[in-house]
Ligand code: BG6
Ligand code: MG
């Protein structure tokens, strides 16, 4: 995609705008301890971008516990994780917008780009309000309405719809491999933040490296 084709941006939230990926990890680590699955950096990385119930299934499977819980017990485990996560979320303030992202949102707004949120998290509205960045966005895709989560393209396709733009005019920002696959499958420009994201069309190591000029330079 050419830089000039980009008319709007679809943002992942956890790990892209909000410093909240570490809070999800902290809460899931506790779940892993509860069910007896060893917590590893690889498991933590693979859970990024994955929905709540799918994350639980991955944690159970990683320890070989996938057949030990009823659906009702799984729902209890997921609810307990979310309760703990929301306790941690209460500590978030506007200072927990990741480095450089407030400046990037301001730059996009000043330059007339439209923005939407494509997060798998049902807690996205709560977090956006707490960080005081809700007003930047035309809308948020409701993950409860998805037929399939990331890496399926549905969420990023809907994020383009929210912007009233064709996928070919949208760039998506992600910190997860599942998210980058979703953006690519939706036919949008994938911008990855993180060293592991080899499938991203454009990649940065850290959020504070992201700017319009930097994206333009990488596409040239
Ligand atoms: C994603 C996170 O944004 O949202 C995942 O990267 C998380 O770690 C997923 O599991 C679902 O979030 P929630 O808040 O609905 O449990
Ligand atoms: Mg993320």
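Glycine is treated like the rest: Cβ placed from N, Cα and C.
Mapped onto three states, the DSSP output places residue 14 (Mg(2+) binding site) in strand. Annotation comment: TrEMBL describes 12-14, 28, 47-52, 55, 81, 119-123, 150 as substrate binding site.
Within its own chain, residue 14 (Mg(2+) binding site) has 20, 21, 24, 48, 49, 119, 121, 127, 175 as residues 6 or more apart in sequence whose C-beta sits under 8 angstroms from its own. Positions annotated as Mg(2+) binding site by TrEMBL: 12, 14, 174, 175.
Taking Cβ-Cβ distances under 8 Å and a sequence separation of 6 or more, the neighbours of residue 12 (substrate binding site) in its chain are 49, 117, 118, 119, 172, 173, 174, 175, 176, 179. The active site, nucleophile annotation in TrEMBL covers 12.
The active site, proton donor/acceptor annotation in TrEMBL covers 14.
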Among 174, 175, which are binding-site residues, the residue with the most C-beta atoms within 10 angstroms of its C-beta: 174
Helix, strand or coil at residue 174 (Mg(2+) binding site) [DSSP, three-state]: strand
In sequence order, those binding-site residues of 14, 28, 174, 175 whose CB lies under 6 Å from ligand 1: 14
Listed binding-site residues adjacent to ligand 2, that is, members of 28, 52, 122 whose C-beta is under 6 A away: none
8 Å Cβ shell about 12, 14, 174, 175 centroid, Mg(2+) site members excluded: 11, 13, 15, 16, 21, 48, 49, 119, 173, 176, 179, 193
